[in-house]
């Protein structure tokens, strides 16, 4: 529904300085109004335009019911309720440290937003915090000549800094560092920022669970990093918000999505950082041979079943087609993961992630890679991430191999689905 009270507050308090399209701030449920703490005599429209636009594909829902009731047990019914009600979904806001945010932080706080992770005043960047100056460059796009054999459906985005844990100490406190992401317990969605010539966009909207793979990757300054399935670009942006890598190689196999990725990066990243980026349009399965041992960290946000969008497929025929394609995904995912493990150096880490609940596309893929790739060990993220972020995220019971599965299962905890697992190449 359109919350007129929120719209009025946003128009008055944010204005053009926040680079907003001042049309609407959407509140997806009347239950969230108390969370917003906005007092107004305006009436709220009880009819939600969003629900009326979306129609559930019964064939996909039946398939999910059969599979996830078995895999998740009683948890599936609460997850199912959230997935079928887009009006209750939350939306995170990742702030762009490379542009002048004005008083945007304060205005978001007035709307009820809070930091996803603790951040001290010393960690918070100034309005114009930029990396050390380098010569201006441009994104390089390398297009593969042979046709691609698959299309990637990238995931969402992320936001926080994590220090590398010592093997002799407890995991450090999760810290957002220079990366800022704010969240609302209510299902509020800000309008997407408009493009303004000569000005970088001030924020990026995302499912906050998509930040967890970036946290698990634990990129440090100077690391050579590959984002193997990078479009639409949220996770790449989160890496750059966190630190300055020595190289960030963003790859996307689909040409259309690669163009989308390029535009996203150009909308948020300042010219001095362009020299750090490399953008390619190649099959991720090839990098294990062509770039063997070249990277410190590799992120594989793999093409997957994307449970949120598949439930609202436009037609039964499309739903049937996707379900058939779903059977082929685990093989492709395992090939991408093995390629990443070959492309990372000994001692380096690979994070594998998806936005599906499917065990076949999550734990089973990691298990297959461990059986295929020698010298690789999984790392437990339970204490490092899950225990410290349980205030915001709900996690499914742990399985083997170690991995985290964020499940949307109640109001205020509607983030996900998001699966992630970190593998360390020892030799």
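The backbone N, Cα and C atoms fix where each Cβ goes, and this holds for glycine too.
Feature annotation from TrEMBL assigns active site, nucleophile to 355. The S-adenosyl-L-methionine binding site annotation in TrEMBL covers 229, 230, 231, 232, 233, 234, 235, 252, 283, 301. If you look up TrEMBL, you'll see 124-426 marked as domain 'SAM-dependent MTase RsmB/NOP-type'.
Within 10 Å of the C-beta of the residue listed as 'active site, nucleophile' there are 25 other C-beta atoms, taking all protein chains into account. Summarising the S-adenosyl-L-methionine site geometry, the residues cited as binding it (229, 230, 231, 232, 233, 234, 235, 252, 283, 301) extend over a maximum Cα to Cα distance of 20 Å. Reported as a whole number, the C-alpha separation between residue 283 (S-adenosyl-L-methionine binding site) and residue 355 (active site, nucleophile) equals 20 Å.
The average pLDDT computed over the domain 'SAM-dependent MTase RsmB/NOP-type' (124-426) stands at 86.
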